[in-house]
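Engineer: Below: one structure in structure tokens.
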């Protein structure tokens, strides 16, 4: 089971296309679009891999209440939940459309963020990639490699 935590419908559809291409249309995938649903899922199950956005809303949009504002550290909340459950060895690919990730109130370039999450949070199998909608080749390549591993 692959858990995809992504609130952008276009980006999640592109990720799902890659999952189907690499693993096949029968791949077991759970797609959630907010921190609360990701944490609930992780409370009940442990996926084999996670593809994680960093800027996520705290909860699902409720009828008549508007869309929740994405939190720049929403993905970190998911990582903290994984750490609480001692799942620091779970394969994780951070896929974010921002060039930097705010970690402990400090902006860290995406390319350096995986090392920071290893050193500061104890994750052992974490990668990070910049999602560039203008140049899809690098992030698609990285995502396919992650899915194949």
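Note: Cβ is positioned from N, Cα and C throughout, glycine not excepted.
Swiss-Prot lists these features:
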type	residues	note
DOMAIN	1-134	domain 'Response regulatory'
MOD_RES	53	4-aspartylphosphate
Engineer: Looking only at the domain 'Response regulatory' (1-134), report the model's average pLDDT.
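Structural biologist: PLDDT averaged over the stretch: 92.
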Engineer: Could you break down the residues of the domain 'Response regulatory' (1-134) into DSSP helix, strand and coil, giving a count for each?
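Structural biologist: Helix/strand/coil tally for the domain 'Response regulatory' (1-134): 47 helix, 34 strand, 53 coil.
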